[in-house]
């Protein structure tokens with residue numbers, strides 16, 4: 001059953017990419033959840049769709065874009081979206097959460113306009129929305145590998161500052177931690193991770209891979225570090241089993257990954273509520 | 001360095017601050033000498049929190065100078081010399097999965113700096129700070145599972161771990177039971193007398209703190225009184241009326257019993273300090 005993933009190159013790259021995002025999405029997800037930014041991940045994934053639609057539209061008219069993986073344009077959109085969210089959060093200082101619906105709906109709205117302008121791109125779009133096992137090329141994989149390493153190194157380097165900011169922002173600032181620049185770095189990382197993960201999980205479900213493993217890990221963990229460990233284990237288990245079942249049963253992997261995550265979460269909730 | 005031996009830990013000189021044309025603080029003059037234990041009291045809305053934000057550099061004064069360790073707060077960089085325990089510390093999200101050890105480690109982060117990690121000796125300091133507040137049994141417990149008083153001790157440990165010369169506490173005893181409050185003040189006195197840490201305690205509860213502090217400042221938009229505790233005690237009634245507009249009988253009551261019992265403690269303290 002697993003062997004098939006090593007027989008074909010394209011499946012092998014999907015598997016490796018899956019392993020990387022199963023690590024990365026829950027890692028960043030821990031910070032997203034404890035900083036109460038879960039919904040921001042959702043808004044950014046929707047604006048990624050806008051970028052993808054834009055890239056596909058350009059691809060129809062300009063050769064250069066036809067050969068490019070639309071995910072990169074998606075990431076560019078997500079990164080600019082994340083900066084815009086920050087600006088809006090500053091503008092609506094007393095209603096910070098407004099920034100999220102604004103960007104989310106703007107993203108979907110503009111994306112839908114792009115899609116209709118191009119008279120739809122049905123098959124492609126489906127795999128961007130719900131993920132695909134076969135969408136990963138060798139070049140894509142190398143990009144994923146590089147970006148994963150960069151993000152992992154950044155998270156490792158700034159672990160203590162991000163931890164402090166998440167737990168107690170005011171104290172962190174008093175002790176001299178540069179809040180604004182770290183926050184900006186953080187949301188740019190989130191945008192990049194969304195772009196990476198959506199190739200397997202799909203746009204609509206990418207934030208699930210960042211939050212569901214963490215939601216389960218939170219119930220189990222006795223310390224902040226343990227939360228990372230559990231979240232990554234749950235993330236990897238769900239991505240791997242999701243990919244296998246999706247391939248063998250011809251289902252969208254994003255759906256399977258989320259279903260497995262939900263099952264794990266239910267088990268954890270049932271198990272921990274007795275304590 | 002020129003800041004090593006300042007004559008005052010904290011100086012506020014003619015400080016004014018207003019939020020949107022609404023004056024909150026007017027002409028604040030305050031000096032805190034090394035080794036003192038200042039109780040800063042004032043009713044709700046008297047500008048205590050604003051004053052604190054000014055001296056932590058979170059807000060900038062409209063007028064006047066704020067100096068920490070002899071250096072203007074704007075250019076002050078040695079924040080590890082200043083420990084701060086905020087009122088909000090005990091209203092943190094108690095579902096946050098962090099152990100006492102992890103929380104206290106945060107106090108080290110500013111001192112360790114960016115791109116550096118906690119070394120063995122840093123971790124040793126963290127353990128010592130936890131022991132100092134008597135929480136070593138709970139080192140690896142989840143902070144959310146502790147009582148309010150225990151959590152407050154953990155936050156003190158976090159403020160102490162960078163070995164500050166000045167410790168600022170904002171209403172640290174809100175939501176802490178009476179017995180713990182007494183133990184808590186004993187601990188503060190110990191830090192002040194034996195470790196020589198300068199303390200600023202911001203509170204509305206004059207009764208409980210006045211057995212422990214060396215100096216008192218009364219704030220209500222402006223400083224109504226600033227001096228040593230003995231002078232404060234002598235003019236207590238007047239101060240209260242000036243600040244609250246009437247005598248605060250509830251607080252007076254609480255305080256009435258132990259006032260006599262501790263009266264020579266006061267003298268002792270005064271002796272060691274001046």
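Indices start at 1 and increase along the chain as displayed.
The backbone N, Cα and C atoms fix where each Cβ goes, and this holds for glycine too.
Keep in mind that TrEMBL annotations are predicted by a computer and have not been checked by a curator.
Note on TrEMBL: of A:122-140, A:141-159, the range annotated with the feature transmembrane segment is A:141-159.
Record note: among A:64-86, A:202-224, A:64-86 is the stretch given as transmembrane segment by TrEMBL. Long-range contacts of the transmembrane segment (A:141-159) within its own chain (CB-CB distance under 8 A, at least 6 residues past either end) are made by residues 13, 16-17, 20-21, 23-24, 27-28, 31, 182, 185, 189, 192-193, 196, 199. Here the transmembrane segment (A:13-34) touches the transmembrane segment (A:180-197). Their Cβ atoms form 3 or more pairs under 8 Å, with each pair 6 or more residues apart. Highest Cβ pair count under 8 Å relative to the transmembrane segment (A:64-86), across stretches A:180-197, A:228-247, A:253-272: A:180-197.
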